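Chemist: The ATP binding site feature in TrEMBL is assigned to Gly14, Ala15, Gly16, Lys17, Ser18, Thr19, Arg120, Arg156. Sequence annotations record features per position, and here TrEMBL assigns Mg(2+) binding site to Ser18. According to TrEMBL, the substrate binding site annotation covers Asp36, Arg60, Gly82, Arg139.
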Amino acid sequence: MQDLPNLFLIGPMGAGKSTIGRLLAAELCRDFYDSDHEIQARCGADIPWIFDVEGEAGFREREAQAIDDLTRRSGIVMATGGGAVIREVNRRALRERGTVIYLYTTVEQQLRRTAKDRNRPLLQAEDPGRVLRDLFAARDPLYRATADLIVRTDRRGPKAVASEIVRRVTKLVDPLQSCKA
Ligand SMILES: Nc1ncnc2c1ncn2[C@@H]1O[C@H](COP(=O)(O)OP(=O)(O)O)[C@@H](O)[C@H]1O
Ligand SMILES: O=C(O)C1=C[C@@H](OP(=O)(O)O)[C@@H](O)[C@H](O)C1
Ligand SMILES: [Mg+2]
């Protein structure tokens, strides 16, 4: 497992990037980073505050800086925020500096998983289902274009998904490993 590249998780809000990323890193004995946590730690404020005071544009600047810095590390697992793929510079950093995994789930699951969480400013809207559908239409092509692997998270719990990623990524890196003793 030492030869594994950086693993970067992308996908929409509620896909499980933060939860599964942490489990994946533990399973691989890797350091775990979450670009959203990094942004909040550097700024000393939470995401709703950043959106309030600096707008989404300010948040995206901070996000690009965090992604550029974190993707330069080696041997890490990193969860991104759902909007990380909007910027071409982020997509390039992710693609060039690691293996990118798109965690896919349905909008219905996203809605259920994010319903009680007030920490996602984009979903504090009258119709969060509509927001999620519109974001999916805009971003799904970008997730697909950036990813090396697509893994569904709507049918299995976080632990099972983390194990599936380990299995698939190991094969991707060393296609012969499944033939080894
Ligand atoms: N595969 C899964 N099955 C069921 N619930 C999940 C799964 N992945 C994540 N969750 C739950 O969904 C919520 C949002 O997960 P989170 O990791 O914050 O998603 P993201 O970082 O992609 O927005 C959390 O309550 C988490 O426990
Ligand atoms: O989709 C988005 O634009 C966002 C997703 C959030 O992260 P999660 O995908 O981890 O919820 C967070 O970065 C911010 O609220 C914006
Ligand atoms: Mg997250």
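Cβ coordinates come from backbone N, Cα and C, glycine included.
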Chemist: Taking Cα atoms as reference points, rank the binding-site residues Gly14, Gly16, Ser18, Thr19, Arg156 by distance from Arg139 (substrate binding site) and give the first.
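Modeler: Out of the listed candidates, the nearest Cα belongs to Gly14.
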Chemist: Including all protein chains shown, what's the count of other C-beta atoms within 10 A of the C-beta of Asp36 (substrate binding site)?
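Modeler: The answer is 23.
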Chemist: When the Cα-Cα distance from Gly16 (ATP binding site) is computed for each of the binding-site residues Asp36, Arg60, Gly82, which gives the smallest value?
Modeler: Gly82
Chemist: About how far apart, in whole Å, are the alpha carbons (Cα) of Arg156 (ATP binding site) and Gly82 (substrate binding site)?
Modeler: 20
Chemist: Compile a sequence-ordered list of residues in the same chain as Ala15 (ATP binding site), six or more apart from it, whose Cβ lies below 8 A from its Cβ; state 'none' when nothing qualifies.
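Modeler: In sequence order, the residues whose Cβ lies under 8 Å from that of Ala15 (ATP binding site) (at least 6 apart) are Gly82, Leu103, Tyr104, Thr105, Gln110, Thr153.
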Chemist: What binding-site residues in Ser18, Asp36, Arg60, Arg120, Arg139 place CB under 6 Å from ligand 1?
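Modeler: The qualifying binding-site residues are Ser18.
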Chemist: Run through Lys17, Thr19, Arg120 for me and report the binding-site residues whose CA is within 10 Å of the CA of Asp36 (substrate binding site), in sequence order.
Modeler: none
Chemist: Tell me, by DSSP, whether Ala15 (ATP binding site) is helix, strand or coil?
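Modeler: Coil, per DSSP.
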Chemist: Which residues of the same chain, at least 6 positions away in sequence, have a Cβ lying under 8 Å from the Cβ of Lys17 (ATP binding site)?
Modeler: Leu9, Ile10, Gly11, Asp34, Ala79, Thr80, Gly81, Gly82, Leu103
Chemist: Using a 6 Å cut-off on Cβ distance, which of the binding-site residues Ala15, Gly16, Asp36, Arg60, Arg139, Arg156 come close to any atom of ligand 2?
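Modeler: Near ligand 2, sequence order: Asp36.
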